[in-house]
């Protein structure tokens with residue numbers, strides 16, 4: 001009976017002590033940092049303070065603590081944690097539910113101490129392979145870190161160049177503003193002279209138009225009066241009121257006796273009737289009145305012109321050509337004034353454009369100086385560069401701090417899938433770039449891109465994936481992110497002499 005009790009006690013001790021560490025009395029599954037909380041000489045206190053128990057309750061395959069800290073070496077607690085020491089490799093923490101589940105999780109096989117799993121300790125081999133890989137990562141990191149240092153130097157140098165250029169542009173802006181103001185004064189002065197000469201010309205043209213209009217009205221009134229006189233004369237001559245004039249009717253009027261012989265002869269009748277036997281009112285108004293009008297005028301004055309001779313043909317009176325009015329202003333002077341105004345306008349436009357161009361350059365430069373290019377401006381080296389990634393159907397162009405474009409290889413059609421928005425928002429913000437406001441998808445949202453950055457010796461896109469419709473993820477390696485070694489790599493290298 002005493003032997004059975006002794007064996008049982010020994011079994012319990014073996015259960016909570018890790019193999020090979022009997023001297024330090026560390027219960028199975030407890031990590032080295034937490035060993036101090038497991039003292040066999042005292043009651044065990046749950047690590048969350050939820051209770052205390054005799055020490056033999058530890059690893060008794062019954063869960064007593066709410067946090068499962070009393071069962072690190074068994075699967076009794078659903079929230080327990082089992083720690084593999086994995087000597088020669090990296091230690092590992094597992095959910096205690098995976099203890100003795102028939103699957104080898106720890107390379108030292110300590111998680112399967114009571115199972116049928118055929119586990120063996122291969123920590124040494126795994127540790128050597130991991131160490132070799134970690135050394136390669138470290139080598140790559142150190143090379144990238146050197147390049148990053150160069151990026152930092154270039155970034156600071158570029159920022160200094162920006163400041164120098166900004167100072168120079170500020171000086172140029174002041175000079176350009178002075179020139180612009182001078183050219184504006186010259187333009188206003190020239191345009192004032194131009195306005196005066198154009199105003200004079202407008203006034204002259206308006207006066208000329210008024211004169212022409214008045215002359216047209218006078219002529220129209222004269223025509224109307226002339227027609228009225230003609231109709232009155234026709235009515236007087238048309239004795240029988242049949243609407244026609246005849247030779248006999250002409251003979252009845254002494255005013256047509258031009259030769260003063262006391263009668264109207266055949267020659268006089270032929271002249272005034274224009275060799276016609278009769279004349280309609282229409283013919284009289286169009287041509288007859290012009291011939292007979294002189295007889296009516298002479299009849300009113302009772303005078304006969306001396307030496308009057310009849311012509312066989314009636315001659316139309318000539319119309320005097322109108323003289324073109326002369327412009328009062330000197331034409332050469334006007335041309336010179338207009339030319340000066342045009343030149344002044346162009347000079348001002350050129351000066352204004354130069355001033356605005358300098359202002360735009362200053363604005364862009366200030367924006368660059370305020371932009372976030374990393375904690376030490378290490379990412380400034382990537383600005384104004386683009387990187388490409390080719391896959392089966394598409395070519396992707398990633399331009400840091402600008403845009404991301406997708407190009408169809410077949411027809412070279414480009415689609416904007418994102419414009420620079422900013423860095424990530426978490427503590428590792430410089431590991432993520434966000435691009436938004438890309439072209440809208442058919443019946444969907446605007447395209448967007450997230451760029452995940454990692455340390456690398458070269459700037460290159462390693463993969464592109466459309467994680468969801470119209471949302472893209474780009475993996476990008478760059479020396480600019482080679483700041484610190486990953487924790488897991490440091491852990492592997494912590495006992496490596498070259499690393500230390």
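Cβ coordinates are placed from backbone N, Cα and C, and glycine is handled just like the others.
Noted in TrEMBL for the protein shown:
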type	residues	note
SIGNAL	1-23	signal peptide
COILED	155-236	coiled coil
DOMAIN	225-260	domain 'EF-hand'
DOMAIN	384-484	domain 'MRH'
Arithmetic mean of per-residue pLDDT over the domain 'EF-hand' (225-260): 85
The domain 'EF-hand' (225-260) - residue tally per DSSP class, helix then strand then coil: 21 helix, 3 strand, 12 coil
Helix, strand and coil totals (DSSP H, G, I; E, B; other) for the domain 'MRH' (384-484): 6 helix, 58 strand, 37 coil
